[in-house]
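Trainee: Below are the features I grabbed from TrEMBL:
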- 1-12: compositional bias 'Basic and acidic residues' (COMPBIAS)
- 70-494: domain 'Major facilitator superfamily (MFS) profile' (DOMAIN)
- 1-31: region 'Disordered' (REGION)
- 70-93: transmembrane segment (TRANSMEM)
- 113-130: transmembrane segment (TRANSMEM)
- 142-160: transmembrane segment (TRANSMEM)
- 166-186: transmembrane segment (TRANSMEM)
- 198-216: transmembrane segment (TRANSMEM)
- 222-244: transmembrane segment (TRANSMEM)
- 312-334: transmembrane segment (TRANSMEM)
- 346-369: transmembrane segment (TRANSMEM)
- 376-395: transmembrane segment (TRANSMEM)
- 407-428: transmembrane segment (TRANSMEM)
- 440-459: transmembrane segment (TRANSMEM)
- 471-490: transmembrane segment (TRANSMEM)
Amino acid sequence: MKDSLSKRDGAHEAMLSQSPKPVVKSKETKSSEEYEALQSFLRSISSTATLPPYVKGETYSSVRGVLNQCLITCAVLILAAGAGHPIGFSAVALPQLRKENSTLRIDDDMGSWIASIHSAATPLGSMLSGPIMEAIGRKRTLQVSTLPLVIGWILIGTASQHALLLLGRVVCGFAVGILAAPSQVYLGEISEPRLRGLLIGTPFVAYSLGVLYVYALGGALAWRSVAYLSILLPTLAFVALCFSPESPTWLARRGRFHDAMAAMSRLRGDPDTAQRELHELISAREKEKACGEETIRFFATVLRPPVLKPLLLINAFNMLQILSGSYVVIFYAVDIVKDSGGSLSPHLAANASALVRLIVTILACVMLLKITRRALVLVSGIGTAVCTLGLAFLLSQGPGSGITPPALILGYVAFNTLGFFLLPGLMIGELLPTKVRGLCGGYIFCLFNAVLFGFTKLYPVMKNSIGMTGVFGLFGASATLATIVLFLLLPETKGKSLIQIEQYYQKPNILWVTRNKMDNGQSV
């Protein structure tokens, strides 16, 4: 017993001795305090160094830990559903505002502004979300985002002129921009490897449910009433997040090791498991400090291959996903179904598309527990391309009729949602290295929403120029190219820890299909 204890103490003393004290610069006091906090924390967990590493198939968290992760995820889901309200609002508000007796009657140009300006404001929120979540934490950033969301809906509900309606859409878009990246980063950092795909994917279920909720309300209520009812979920989310812990990864990187241990213990439900995982995080952080990586400027860090490779992949896919029509179909659901022809009522088809999106999102999240990420997104890409190219061919033969056009649209929504709709959030939560995950996540969403705004705003012009045949042809071509890019570059991350995924990109890997040659037979 004494030999065992002495080995544990020896292992920790060795780690402490190998961890160099921070170089004394202008932040001498802060660095010394952080080093002392690390020493104190490591000495307080005497068994960490001898804990066995995580192996596949092992129960990683206790039942209590899994339950806590799910409950905390539910708090984020409430907010994610609230974020879906502004996305679906234009689809139900525009038809009402075009009516002759509308108090704020609009034309096509104003309608395109109402639909797209939400995405114009989102990049600003996304740009600020990175620095904010690094400064005050992931959880608090999510709570901060609820305030402008509530204010935006109040402005929309009370709008007496177009300018106020647009201002409300801008404020809501700004709020959605703030919460987009932190929600994915937060869930990625609190979840264990077995559950990470499921938990990161569930906000899209809530998001789809939020869109469906607005569609359903819009069919029975005036658009002002829909705006007022959309205040409920952001308010509930703020309260629910008050009972959630901060991300242990963020706490550990801020030097708050005991707080990180408390949060990790709650999330894993077992002190030994929590110690092992936190020890891995701290070891990686200390290795960065020993190599001098913490002193490298942010933009210099981004240009390093381990960061640049996943960053380019995520942005390339995001651009192709937008061009494949994932969000345009949500913004213009009723109009797209109407312009495509067919015997189904446009409003009924739009509601059906929202329901299909919700069901498939739930199915996809469950499938992420059993099926690899690559398999899911490749099936999604191929199905999306087949449905859109088929619809383009059908419309090129003449005006659509019967049940075929709406059926192909619903098939497109189903396949697109299965993988393409979920993948951006998964990639941000899994592929980005810990040290840049917050800032890069915000900038990725900023670029994404800036391009989405332009594409959404130009959709009416594009439709008039190339017709619905050209529109669906573009969707299909983009989906095909995205599928090829993912096949070549996307690594398989199912069941892998975030540290293991970082290590994959630290090696000279570019193409997934050649990884075994480069890694001497070892994959991620």
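The backbone N, Cα and C atoms fix where each Cβ goes, glycine too.
Each of these features: where is it, how hidden is it, and who are its neighbours?
Mentor: Nonlocal intrachain contacts for the transmembrane segment (113-130), taken as residues 6+ away from its ends with a CB within less than 8 angstroms of a stretch CB, comprise 86-87, 90, 93-94, 97, 106, 141, 145, 148, 165-166, 169-182, 327, 331-332, 438-450, 452-453, 456-457.
Outside the transmembrane segment (166-186) by six or more residues, the chain places 76, 79-80, 83, 85-87, 113-114, 117-130, 132-133, 138-139, 141-142, 144-149, 151-157, 159, 200, 203, 227, 234, 247, 425-426, 428-429, 437-438, 441-442, 444-446, 449 with a CB less than 8 A from a CB of the stretch.
A Cβ distance under 8 Å defines the sequence-distant neighbours of the transmembrane segment (222-244), meaning residues of its chain 6+ beyond its ends; these are 72, 74-76, 78-79, 81-82, 85-86, 89, 92-93, 96-97, 139, 142-143, 146, 149-150, 153-154, 156-157, 168, 175, 210, 214.
Remote same-chain residues near the transmembrane segment (312-334) are listed as 87-88, 90-91, 94-95, 115-116, 119, 211, 215, 346-347, 349-350, 353-354, 384, 388, 409, 412-413, 416, 420-421, 423-424, 427-428, 431-432, 444, 447-448, 451-452, 455-456, 459, 471-472, 474-476, 478-479, 481-482, 485-486, 489-490 (criterion: CB distance under 8 Å, separation of at least six residues from the stretch ends).
Non-local neighbours of the transmembrane segment (471-490) in the same chain are 313, 316-317, 320-321, 323-325, 373-374, 377-378, 381-382, 384-389, 391-392, 395, 412, 416, 420, 423, 459, 462-463, 510-513; each lies 6+ residues outside the stretch with a CB under 8 Å from one of its CB atoms.
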Trainee: What residues elsewhere in the chain lie close to the transmembrane segment (346-369), defined as a C-beta under 8 angstroms and at least 6 residues from its ends?
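Mentor: Non-local partners: 88, 91, 95, 194-195, 197-198, 201-202, 204-205, 207-209, 211-212, 215-216, 219, 329, 333-335, 337-338, 376, 406, 409-410, 413-414, 417-419, 421-422, 494.
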Trainee: Pairs 6 or more apart in sequence, C-beta under 8 angstroms, 3 or more of them: is that satisfied by the transmembrane segment (376-395) and the transmembrane segment (198-216)?
Mentor: no
